[in-house]
Structure formats: C-alpha cells, structure tokens
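Visitor: Supplied in structure tokens, the structure appears directly below.
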Amino acid sequence: MYEDCVKSTEDYYLFCDNEGPWAIVLESLAVIGIVVTILLLLAFLFLMRKVQDCSQWNVLPTQFLFLLAVLGLFGLTFAFIIQLNHQTAPVRYFLFGVLFAICFSCLLAHASNLVKLVRGRVSFCWTTILFIAIGVSLLQTIIAIEYVTLIMTRGLMFEHMTPYQLNVDFVCLLIYVLFLMALTFFVSKATFCGPCENWKQHGRLIFATVLVSIIIWVVWISMLLRGNPQLQRQPHWDDAVICIGLVTNAWVFLLIYIIPELSILYRSCRQECPTQGNVCQVPVYQRSFRMDTQEPTRARDSDGAQEDVALTAYGTPIQLQSADPSREYLIPSATLSPQQDAGL
C-alpha cells in the first residue's frame, strides 16, 4: 500500500500514507481550523457594527488582520505535508516567518494600546494600531524576500541543500519573529499595572498566548536542530516537527486569544450603557494634579473647544450631555408673597 501510494502520488504521498498518519491528522486539524477561523471572521464583522465603545472598536481591525494571518497559517500546513520541491520550498521559507510576524505584531500593537488604557489614558486610533502591526511585521517580509531571491537567483536550489543546512537557514530566518515574541511578552506584562481592571483581562490573554507560543517554539526548534539528528530521524521527522508546531500554535491563537476576546466583545455589546460604580478609578496623583489646575474632567473636541467628559467602565472618555442652544428653556420668575408686597 505504501509503495503504491508513493508511485501514484510522488510528492503528495503523505496524503494517502497509512503507515505515518501524522499528515492525515494534521491536515484534518488544519481544515477544521480553516472553517473555525472563517466563522470567527464573520462573527467579528457582525460585532464590529454593534460596538459602541471607541476604545474597544479601535483594536478590531487589527484583530481582523490577526485572524487573516491565522487563516494563512492553517493553509500553510499543506505546504509542509507536500514534500519539499521547487514550488513548496519558497512558500515555506517566505510565508512561515511572515505570517507569524503579522500575528505577533498584532498582539504587540494590541498590548501597546492596553498599556495606555489600563492607566486611564485615551486609546490609539484604529489606524495607528493597524499601522503599528503592519509596520513592525514589514521587516520580516523584507528579510524573507531577500533570502528567497538570493537562493533562487544564485542557482542553489533548495532541493540540493543538505537537511541540516535547510533547518539552520529556516530557523535563522525566524530570529526577528523570536524578537517580536520576546518584546510582546514583556509589553503584555506591563498591562498588569494600572487602575483600570477591566482592561487587564485583555492583557492577561495576550500574556498567556505569547507564553504558550514561546514554549511551543522552544520545543519544535530544539527538536528540529538537536533532537532529530541525535535520534537519527533527520530528515524524515523534520517536516512533521515544523508542521506540528505550526498547527499547534495556530490553534493556541484561536483558543487562548481570539475566542475569549470574542466572548468579551459579545458581552460588552449586550450592555447598552456602563453601570454606575464601575467607573475606572483615576490614580491619586492624577486627581491631585487636576484639582491643582482647576480643570477636572475637561477635554477638547474636534473644534478645539473644551468640554466636560466622563470615564466609562473601561476608562474611556465620553462626552457629557450639554444643553441644546437652539431650544428655548423657560425659567420661572421669582414672585413676592402678599406680606412682602405690602411691606414694599
């Protein structure tokens, strides 16, 4: 059965290999992940129309980009199930680092915004958060393009490289992604410090996601560079190790970060207005500073005029209702009693 499968499918024999079922299991998990990710994308599009808090809405475009990158990770699984050739090799070396760089850049941008929100400050606008995510991941895209271009133009095809050289180059291309992981880990820890407790739950989700991702990456890189050669399983286990790490990390993104974020977003959409007593407590030093300057709860609108603002349950400034100048308000005039009139 195994020989017939290899002869009939060549590079695609893992799709019908019954002796090594790792490929069948991983492709099944990848297909399920693709379906779940598409459903989550539709759910995000539906909830984006119902979110009223600007601080919550500003991060939604970045999370939508994050989901698109996760969808790409599940699709990339099939490039590792198919044997390494002149078509799958550039796809592997380019998309693996770029897609993970986009994911961790989105987490970094979200964590950077949370650092402000947990301290009661105003959120970045959605374009700023999105540009941070795209800009930070751009360097990994440039690195991957240069590497693939050099390999293809010099005539040194991937198929002619030794397995150890392929693995070393693959890991070296991911150094910037490892840096993004470490940076996101420390920035997410900074979200634990601040008076606004409601925003800290988002920071804890990012922290847990990055922590589990770091563990996954340490395991599969160690197995790829040290474990497989010592067990004399190189190159037979190389694709399986990378593919397992890829699918596992993609599911971690969904289960630890996206699905909890979606549930928090759904609960906040059901609350029409923030409850009293759940207001973000401003630190003492900020209150004393505002009392000294005699400008409590003042902000500027788009025209530059100062207006009264208040903080919602998430610490988001909202404008207080003011009187409509176009409407007439009648104030009753004061009248004197008969005794006071006689005295006059």
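Here the Cβ of each residue, glycine as well, is placed from N, Cα and C on the backbone.
Feature table excerpt (Swiss-Prot):
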type     : residues : note
TOPO_DOM : 1-27     : topological domain 'Extracellular'
TOPO_DOM : 49-63    : topological domain 'Cytoplasmic'
TOPO_DOM : 85-93    : topological domain 'Extracellular'
TOPO_DOM : 115-123  : topological domain 'Cytoplasmic'
TOPO_DOM : 145-167  : topological domain 'Extracellular'
TOPO_DOM : 189-204  : topological domain 'Cytoplasmic'
TOPO_DOM : 226-239  : topological domain 'Extracellular'
TOPO_DOM : 261-344  : topological domain 'Cytoplasmic'
TRANSMEM : 28-48    : transmembrane segment
TRANSMEM : 64-84    : transmembrane segment
TRANSMEM : 94-114   : transmembrane segment
TRANSMEM : 124-144  : transmembrane segment
TRANSMEM : 168-188  : transmembrane segment
TRANSMEM : 205-225  : transmembrane segment
TRANSMEM : 240-260  : transmembrane segment
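Have a look at these and tell me how they're positioned relative to everything else.
Guide: Helix, strand and coil counts under DSSP for the topological domain 'Cytoplasmic' (49-63) come to 8 helix, 0 strand, 7 coil.
In the topological domain 'Extracellular' (85-93), helix, strand and coil residues by DSSP number 6 helix, 0 strand, 3 coil.
Secondary structure of the topological domain 'Cytoplasmic' (115-123) per DSSP (helix as H, G, I; strand as E, B; remaining residues coil): 3 helix, 0 strand, 6 coil.
Counting same-chain residues at least six beyond the ends of the topological domain 'Extracellular' (145-167), those with a Cβ under 8 angstroms from any Cβ of the stretch are 84-86, 89-90, 93-94, 173, 224-225, 229, 234-235, 238.
For the topological domain 'Extracellular' (226-239), the model gives a mean pLDDT of 85.
Among residues of the same chain six or more beyond the transmembrane segment (240-260), those with a C-beta under 8 A of the stretch's C-beta atoms are 20, 22-23, 26, 29-30, 33, 36-37, 40, 63, 66-67, 70, 73-74, 76-77, 80-81, 96, 100, 103, 107, 170, 205-206, 208-209, 212-213, 216-217, 219-220, 223-224, 227-228.
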Visitor: Mind checking how the topological domain 'Extracellular' (226-239) divides into helix, strand and coil residues in DSSP?
Guide: 7 helix, 0 strand, 7 coil
Visitor: Out of 64-84, 124-144, 168-188, 205-225, which stretch has the largest tally of CB pairs under 8 angstroms to the transmembrane segment (94-114)?
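Guide: Ranked by Cβ pairs under 8 Å, first place goes to 124-144.
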